[in-house]
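Quick look at what Swiss-Prot lists:
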TRANSMEM  33-53  transmembrane segment
TRANSMEM  77-98  transmembrane segment
BINDING   His83, His182  heme b b562 binding site
BINDING   His97, His196  heme b b566 binding site
TRANSMEM  113-133  transmembrane segment
TRANSMEM  178-198  transmembrane segment
BINDING   His201  ubiquinone binding site
TRANSMEM  226-246  transmembrane segment
TRANSMEM  288-308  transmembrane segment
TRANSMEM  320-340  transmembrane segment
TRANSMEM  347-367  transmembrane segment
Amino acid sequence: MTNIRKTHPLIKIVNHSFIDLPAPSNISAWWNFGSLLGLCLAIQILTGLFLAMHYTSDTMTAFSSVTHICRDVNYGWLIRYMHANGASMFFICLFLHVGRGLYYGSYIYFETWNIGVILLFVVMATAFMGYVLPWGQMSFWGATVITNLLSAIPYIGAXXVEWIWGGFSVDKATLTRFFAFHFILPFIIAALTMVHLLFLHETGSNNPLGLVSDSDKVPFHPYYTIKDILGVLLLILALMTLILFSPDLLGDPDNYTPANPLSTPPHIKPEWYFLFAYAILRSIPNKLGGVLALAFSILILMLFPLLHLSKQRSMMFRPLSQCVFWILVADLFTLTWIGGQPVEYPFIVIGQLASILYFTIILLILPTASLIENKLLKW
């Protein structure tokens, strides 16, 4: 009798994706983040579902309902903090996953890469809308500031902002629609993830050497299932340590104050994972210019397949490009730090320099380094 795993229409799909999938024999721990992102998404959908059972999306009761979840619901505090800190873990895994793709040239599979960039955008939109839901001070003012950016669009800007708000300011209509979108988007993310994997499995995984690995494949199970389980355990350990020891480490104290349209917090800033983009936005004095720079700071990822001028795929044997890559990483850390600082003398200049460096490295220095390496290798 033929194995049901290989004949049943549904189980066959799972088999070809997670069991009998041919995988390169040398992929490192940097390839674990895909499965960890899947785990993060599952955690977020499950905890989010239980939070939605107790949350009310009304301006009068939203803040109280979150308090109620933390105080009165059985293990509500745990579910709430798993959801909030799960988002941080999600973004840590996302940034490492994208960084791995940049370092090892995974963007050469451009369908997989571009769907990944779209996924990044959708996850960022979901996280932003989720941050508005507790209706604290930073929720309200964050929503006001970020939605207001659309007013920079010529001619239709002002009308578009009021359309998104559902009124003349961030209010009940805004909160309700953000809750609706925040609920539906994770399922859209899950669907896009399937497409992401579909395209990946058309070509097979890249590997650290950036070479074709068809001659040396191993089955995904048991080799990479056991490896993924180790990653999963480490992620859960890190997440639970964060939740149980310092759940508010990455949050903003202002969000424990109920939203008040009449009092603006001294420093409006988003969650830590948006700070690098926020710093780029703030470093340009012109509103429209800032918004364009903000959008382009993520969209620029889609240009990587076009900017790849090296004859080698991976950076593993390209010391010059490696050096530039790590400068880019340091620059992103600098931008993240600047995004959380007030807009005053030293920070403004540092932010502007870091923003210029970010775009210069990607558009100019990395391609130039690739050409120099080609020349040095007489290629």
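Count begins at 1; order follows the chain as displayed.
Even glycines carry a Cβ here, placed using N, Cα and C.
Shown on the structure are the features that Swiss-Prot records.
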| residue | record | DSSP (3 states) |
| --- | --- | --- |
| His83 | heme b b562 binding site | helix |
| His97 | heme b b566 binding site | helix |
| His182 | heme b b562 binding site | helix |
| His196 | heme b b566 binding site | helix |
| His201 | ubiquinone binding site | helix |
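The transmembrane segment (113-133) is not in contact with the transmembrane segment (320-340), judged by fewer than 3 CB-CB distances under 8 Å for residue pairs 6 or more apart in sequence.
Put simply, His196 is the one of the binding-site residues His97, His196, His201 whose Cα lies nearest to the Cα of His182 (heme b b562 binding site). Note on the transmembrane segment (33-53): residues 69, 79-80, 82-83, 86-87, 89-90, 93-94, 96-97, 100, 130, 182-183, 186-187, 189-190, 193, 228, 231-232, 235, 239 of its chain, located 6 or more positions outside it, place their CB under 8 angstroms from a CB of the stretch. The Cβ of the residue listed as 'ubiquinone binding site' has 14 neighbouring Cβ atoms from other residues within 10 Å, across all protein chains displayed. The transmembrane segment (288-308) shares more Cβ pairs under 8 Å with 347-367 than with any other stretch in the list 226-246, 320-340, 347-367.
Counting residues 6+ beyond its ends, the transmembrane segment (226-246) has Cβ neighbours under 8 Å at 29, 32-33, 35-36, 39-40, 43, 78, 81-82, 85-86, 88-89, 93 in the same chain. Sequence-distant contacts of the transmembrane segment (347-367), counting only residues of its own chain at least 6 positions beyond either end whose CB sits under 8 Å from a CB of the stretch, comprise 279-280, 282-284, 293, 296-297, 300, 303-304, 307-309, 321, 324-325, 327-328, 331-332, 334-335, 338-339, 341. A straight line from the CA of His97 (heme b b566 binding site) to the CA of His201 (ubiquinone binding site) spans 17 Å. Neighbour list (His196 (heme b b566 binding site), Cβ cut-off 8 Å, at least 6 residues apart, same chain): Thr112, Ile115, Gly116, Leu119. With a 10 A radius on its CB, His83 (heme b b562 binding site) counts 21 other CB atoms from all the protein chains. Comparing His201 (ubiquinone binding site) with His83 (heme b b562 binding site), their Cα atoms are 30 Å apart once rounded.
Summarising the environment of His182 (heme b b562 binding site), the number of other Cβ atoms within 10 Å of its Cβ, over all protein chains shown, is 21.
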